[in-house]
Amino acid sequence: MNMEMLALEILDNTVLKKTVLVFFCGFLFWKIVRYMCGLLKVDKEPVTILVTGAAGQIGYALVPMIARGMVLGPNQPVILHMLETEAGFEALKGVKMELIDAAFPLLKGVVITTDVVEACKDVNIAVMVAGIPRKEGMERKDVMSRNVSIYKAQASALEEHAAADCKVLVVANPANTNALILKEFAPSIPEKNITCLTRLDHNRALGQISEKLNVHVSDVKNVIIWGNHSSTQYPDVNHATVATSNGQKNVRELVSDDYWLNNEFITTVQQRGGAIIKARKLSSALSAASAACDHIHDWVVGTPKGTWVSMGVYSDGSYGIQPGLIYSFPVTCDKGEWSIVQGLKIDELSREKLDKTAQELIEEKALAYSCL
Ligand SMILES: NC(=O)C1=CN([C@@H]2O[C@H](COP(=O)(O)OP(=O)(O)OC[C@H]3O[C@@H](n4cnc5c(N)ncnc54)[C@H](O)[C@@H]3O)[C@@H](O)[C@H]2O)C=CC1
Ligand SMILES: O=C([O-])CC(=O)C(=O)O
């Protein structure tokens, strides 16, 4: 029998036909069940999210946002783990009562504790807010010694008890250096899973451009925060655009005021945290909580095509930044992973600013180790 006839024989075989039909029907049935489950919202396992320092200013603003689906979307149930100190525990009990009273449909469980091991158990996402905020007149690194020791202590609990693929976002200041300490004292957590929050600065930069041009903030995109979440950060608009009726236009061209962009715009974004502390006598809890939601949301769900965001991530040497620092870069996210946007042109002024903020991170790292 030649090959052609053999192939015809196989195709003609009724057993084979039936098998193919059964597989096809099974596949179709599975697709329909998944679709129906999606409609009925019944198939998703809850995701466990840890918030440390959960009774504090940011924690109090953040946990209802998470419970409402602002981080993982309206169809994803969540379980909240909330960690506090002994001194903060009474207030945390109140936060739990309020979460119950808010009757959030997505909230499938709440654990409150002062035990870091219990807090970290099986968490899929950890938002590390615990720490002392700076007061008026202080720089963020002034809270270094108290805060880095918290991150050293909590690193091993996360490493040993969180889910193996847990994503970590460090919010507490000095955010980049706390994240670096956490990474160094939790060596088995992949470095790609440890990040820090510079999305607040990114959103502040979008807000300033939107105010200046009197356009909606959602029409502005691709600003960049380079470096440290500190007053040396570099808010860069050289690649930023605004959506107009004539397509995407470059922010520099539209603003048409390089002096403002290279001076007042940069210092306003760099100093915005301080300005809010001066006004509120408390740190920027509402916008920080919202930015933390944006950070995790985009990391998990992905960034829209053609758009990047700023995240403090482990430097691989991109743009000449010393590998191993946690440095804010422009990143895109896809399938739960971030990648640094490559190939952007860096002019001379930008180069200086990228290096200055990297230098501060190198010095902060040395200072952090001297505090431990
Ligand atoms: N990366 C960013 O964009 C921003 C960072 N921050 C920083 O976030 C941190 C938190 O700020 P706020 O919520 O305003 O401060 P907060 O003082 O209101 O809250 C911090 C909470 O952490 C708790 N805490 C302290 N040590 C702890 C520990 N070892 N374990 C568990 N809980 C602990 C405290 O009891 C307190 O309830 C500060 O370091 C602040 O500077 C604030 C705004 C923006
Ligand atoms: O400035 C602070 O200390 C709080 C903070 O990090 C911010 O608002 O960016």
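Using N, Cα and C of the backbone, Cβ positions are placed for all residues, glycine too.
Among the candidates N147, N203, N214, the one that TrEMBL lists alongside G53, A54, A55, G56, Q57, I58, G59, V171, A172, N173 as binding NAD(+) is N147. According to TrEMBL, the feature transmembrane segment maps to residues 47-67, out of the candidate ranges 47-67, 110-130.
Pairwise Cα distances among R134, R140, N173, R204, the recorded substrate-binding residues, top out at 19 Å. Under the DSSP three-state reduction, R134 (substrate binding site) is assigned to coil, being neither helix nor strand. Here R134 (substrate binding site) is positioned 13 angstrom away from H229 (active site, proton acceptor), judged by their C-alpha atoms. Secondary structure from DSSP puts R140 (substrate binding site) in a helix.
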